[in-house]
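Here TrEMBL flags HIS113 as active site, proton donor/acceptor. Annotation comment: TrEMBL describes CYS129 as active site, nucleophile. Annotation source TrEMBL lists domain 'L,D-TPase catalytic' at 44-153.
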Amino acid sequence: MNLYRRLHFLTFWAATIFLLLFGIGPGPAYADTALPIVDEQGTFSIEIYPLKHQLIVLKHGQKVKTYTVAVGNLSTPTPVGEYKIIYKGKDWGPSFGPRWLGLNVPWGIYGIHGTNKPYSIGQHLSHGCIRMYNRDVLELFDMVPVGTKVTIYGHILGHPSHHPRNLAEGDVGGDVQLIQSRLKSAGYFHGDCDGKFRASTTAALKKFQRDHGLPENGVVSLRMYREFGLVE
C-alpha cells in the first residue's frame, strides 16, 4: 500500500471512529430538550370527570387549570380508565378543531381535541372523545407533552342511574372488555380481552348462553349483566 492510500485509509477510519464516539453526522435529529416533547418525569397529569364535564390539568399533583369539555353519550361513552397521550397532531379536520391529543385506548381511536360544534361543550354529545373549545385545546396542546397520564373517572358500565347498554358484535369499549374478561374466567373465551366485540366474543357468549339455558342470541342484555354478576 503506497503512502497516499495508507494516509487515506487511516483518515477514513479515524473519522469513522470519531463519528461513532461523538454522535456527529447522519442520525436522528433531537428537538430542543426545553420543549415538552415527552413527559418522562410525570410533571403533568390530566383528570377528566365526565359527569361534571371537566378536564383538570395538574402539575406535580397541584391543579393548574380546569376546562369545560364535552364527552360521549350513552351509546358511545367516553372510555373510563387510565391512559396516556401518545400522539399530538394538528389540523385533523374541521370536526376535530386545530389540535388533537391521542390516547392509547386499546379498542379504538380516542383523543382530546377541538371542535366545530362549540355548542356541544358541557354536554354528553361526542362519540367518545373529549371535545374542548378550540382556544382551550390550543392552550392544552402547548402545555402538556406526549406521555402525560390521563385518568378518566366514572363507572365502566355508565352512570349508576341508568341500565348499562346492550352489547353485540361490532361494539367496542371498556364494558365489552369486562364481558370478555368474565367469559375468559369462565373458560368460554380464549382471545385477547381487547374491548372489541368480534365473532370470537359472539361465539363464546352464545356457548355460555346455551350452557346456562339462556336465549342464544349473542347479545349482552341486562339479564346477561346480572348473570355475570356485574349488576344487581
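Every residue, even glycine, has its Cβ placed from backbone N, Cα and C.
Sequence-distant contacts of the residue listed as 'active site, nucleophile', defined as residues of its own chain at least six apart whose C-beta falls under 8 angstroms from its C-beta, comprise GLY72, THR78, TYR110, GLY111, ILE112, HIS113. Its own atom aside, the Cβ of the residue listed as 'active site, proton donor/acceptor' has 25 Cβ atoms within 10 angstroms in the protein chains shown.
Across the domain 'L,D-TPase catalytic' (44-153), mean pLDDT in this model comes to 94.
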